[in-house]
Amino acid sequence: MMGTVCSGCGVFVLRSGAESMEEEFMWEEYLEETGATAAPHTIFRHVEVSLQSSFQPGMKLEVASKSSPETYWVATIITTCGQLLLLRYSGYGDDRRADFWCDVMTAELHPVGWCAQNHKTLTPPEAIREKYSDWTEFLVQDLTGSRTAPANLLEGPLRGKNTVDLIVAGSVLELQNLSDPLLYWPVRVIQNIGGRLRLRPVGLSERHRAQDTWLFYLDVRLRPLGWALENRLTLEPPTELRPLLSDRDWQQALQNAQADGQKDAVPLEVFKDHADLPRHAFRTGMKLEMVSPWEQLLIRPVSVTKVYSDTYFQVTLDDLCAEAAPLSAVCHANSPGILPVQWCLKNGVALERPRGYEGPDFDWADYLKQSGSEAAPDACFPDTGHTRGFAEDMWLEAVNPARPEEVCVARVSRVRGRLLWLRLEGVLQPQSECIVDVESMDIFPVGWCEANSYPLTPPLRPVCQKQKKIAVGRIAELPRAVGPGKCSLVLKELLSMLINAAYKPGRVLKELQQLQEPGWDSQEETLKAKYKGKTYRSTVRIVRLAEQIPDFCRKVCVKLQCCPNLLGPDLRADSCPENCSVQTKTKYTYYYGKKRRLPKAVGGDEAKPARRRRKRKAIFVQKKRRSSNMDYTAAGSPQVRGTSSSVEEDGQLVLDRNPLGWSVDEVVQFINSTDCASLANIFKEQDIDGQALLLLTLPTVQECMDLKLGPAIKLCHQIERVKVAFYKQFA
């Protein structure tokens, strides 16, 4: 039996069918190839907050007793993990031995006071019943000053949702006017992308989508419906939008929004993490430096021209030209981009002189003296030297200020104090650079777009071409013939060569694992793939009869979406009969895969099929694992033997014994059976047993294991599956 390699094959780059440069961009590979560093996910405070549960540690609720479903007792939330709550009954104090997990979606949980309203009995657990003689007095003291879990998070459509998920399309909020902080207007949520909201003023329709605003839900300009009237502020549409509708239509839109307020209003729990703005100390006439809101990459002198309140003030761009129209912006004490006088000089940054300023060099002392004004004191500004851990050449994802709907691959090109100079890699000049504050809510960690199924604009020249050349080289280095020998042995050797010639051998092995036909006379063979110091093993079915070899080889090529002549029983010439080096993978998918008809162009030539974006699943979505024998074991390390600690039934995890009793090796064995196998060594190194596993949360995983956002979320969802199974089977 002979196996051959098509020397003309130039399309064997395994990308799961990706056919465009944009689809081929992967952060992990890009960072690896360029040797770049991703900005730590923990320094993006707004993203960290958005991942938190709506339930907070310390909240009180009433829980149905396990021993007697008709009785209830008060419990305190100790920690959260997704929809799971770790609870402790009141009266146990600091004793954690009786802590238990509850699934918000299935357990009978109620806000404090529910039992009294529904004539239910509050009875302490039997184990501590004798601890206090007067439990009524104890509860009064225990509940004084505490916060109950909100009723709408324990029942109804919002039950169990994270804070950011409480904001659904169609919800209504109030948005502060950009040019007047005392004016508000209701806006409707059109999209919620991981907390980044696309908002449209009520009264406007899809044809006015150009007027939509993008803001992160924690932005101080956003308030709950009814907030303006409660604070004696004015509801008016923005001046620039008023010509779009008549006054009557605007008023009707406002009345409709207020009438539907109970149904469409965003729950108040969404605003629990909104920061309260401190009082400012600016006075009219003070001067300062500011990153220009009207020009990219420029820092200019500005003056305080109006003080609205002890929270808001207005600055106006200094312009000495008589005919200049004033450019003003509303600010507060924490506004990003406001800087004290001489900040640019001290940080080696160019300060643009005011328009119309005469003189070869701009000098603040002379300028203040000539204008008879004073510089705003340094105490007026937030900490201008706080970098939050950002450094030059770190990579992240950032909003394109010229197109707010677009999020791009970005690199930190410069750090000065709390300001970051970003290079937007997928954007053409001159809009490819911008300045943002370290607290900006328009920057996100690597993987944020993928986690939220949102398109990411990749670099203009990704490193995919380099990867393709590497793959072609590996293919060309394979021998032109394998064998002769026993059919199954020759095919096994051939597939092993093919696997380890791939850019990502583990992915090829996973594809071949699914290769089987009902009519084949086949046997199981264990194949290995080595990648990044790890060995992947899987069982693959290989045919045993010579007459089945052509069909088997063709099925392998179809499964890997490569040239149909890459391997087979017939020796091929140096030139591929399919001319595969200039063809796309789509051609082979159509011809040799599903046998779909190719469209014909005018004149009879084949037309290339329209490219479609491959929709990626969010990385935090729990995928149902295929049943397989594939294990993930570090090269050179012994495999974990013995029975598996878990199985899957209908997509649900079923444990064969209580995870509280798992050893460190059993925890490692479980992690190895998931898509987080690459993290198994961390559990071994940090000596994490079953009890420690059940206490892990997203913050502790990020802090202790130093993981990026994407892997941390994936790992926490595997831990959450164990917690759900533990609660259902053993708790």
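Backbone N, Cα and C atoms are what each Cβ position is placed from, and that goes for glycine too.
What you are looking at is a predicted structure, and each value in this text was computed from that prediction instead of being measured.
In TrEMBL this protein carries:
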REPEAT    25-125  repeat 'MBT'
REPEAT    133-238  repeat 'MBT'
REPEAT    248-354  repeat 'MBT'
REPEAT    362-459  repeat 'MBT'
REGION    623-648  region 'Disordered'
DOMAIN    659-725  domain 'SAM'
The repeat 'MBT' (25-125) resolves under DSSP into 21 helix, 32 strand, 48 coil
Stretch winning on C-beta pairs under 8 A with the repeat 'MBT' (248-354) (pool: 25-125, 133-238, 362-459) is 133-238
By DSSP, what is the split of the domain 'SAM' (659-725) into helix, strand and coil residues?
52 helix, 0 strand, 15 coil
